[in-house]
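Student: The following block contains the structure, expressed as structure tokens.
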Amino acid sequence: MTAIQLIVGLGNPGAEYEQTRHNAGAFFVERIAAAQRVNLVPERKFFGLTGRFTHQGQDVRLLIPTTYMNRSGQAVAALAGFYRIPVESILVAHDELDLPPGVAKLKVGGGHGGHNGLRDIIAQLGNQNTFHRLRLGIGHPGDASKVSGFVLGRAPRAEQEKLDASIDFALGVLPDIFAGEWNRAMKNLHSQKA
């Protein structure tokens, strides 16, 4: 299994969206940066906040696009192209309507499932969809017409605590992910629920 060289956290920029459900992926990357004592700095050529740390001799880059969600691929393609990071070495963390709060799941490849950030990443990577995903459950409002307001809204405290717990679970399996032990990482992560 290819080593992960880039971890992307999806979200929308600006104070208006900072604490919204749609920014779950960005929360995950912020937590990694804090744990690794990495300062995320704006990089105009990568359209986002970036940082880097070394894990067992391997550079791992962090990216939070500062484009809007539906343009996330611009940032991912720019950074991955510049550093020649293969699509299979990218992990994208994002909010997932189809999972309840408190649940996180890993996935390799697949479609965008209606997620505009994933849709743009796949398009900007030349229709390659073999990157890894960390799906952070935010739940579903129950009515498709309410999805936009739901993902762009703040979660109630109990829901946010469950999302935070699922991020903790995901951080706990990062050593397995870095070691390429995807089956073990999936088994451990998928058995936990806040």
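Counting begins at 1 with the first residue displayed.
Glycine too: its Cβ is placed from the backbone N, Cα and C atoms.
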Student: Name the one residue among Y17, Y83 that Swiss-Prot lists for the same tRNA site as Y68, N70, N116.
Tutor: Y17
Student: Restricting the comparison to the recorded positions N12, H22, D95, which residue's C-alpha is spatially nearest the C-alpha of Y68 (tRNA binding site)?
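Tutor: If we rank N12, H22, D95 by Cα distance to Y68 (tRNA binding site), first place goes to N12.
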Student: Just name the winner among N12, N70, N116 (the recorded positions) by count of other CB atoms within 10 A of its CB.
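Tutor: The residue with the densest Cβ neighbourhood is N12.
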Student: Roughly how many Å lie between the Cα atoms of Y17 (tRNA binding site) and D95 (site 'Stabilizes the basic form of H active site to accept a proton'), rounded to a whole value?
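Tutor: Cα of Y17 (tRNA binding site) to Cα of D95 (site 'Stabilizes the basic form of H active site to accept a proton') measures 13 Å after rounding.
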Student: Other than Y17, Y68, N70, N116, which residues of the chain come within 8 Å of the tRNA site, judged by Cβ distance to the Cβ centroid of those residues?
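Tutor: Same chain, not in Y17, Y68, N70, N116, Cβ within 8 Å: N12, H22, T67, M69, R71, S72, G117.
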Student: For Y68 (tRNA binding site), list the number of other Cβ atoms lying within 10 Å of its Cβ atom.
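Tutor: There are 16 of them.
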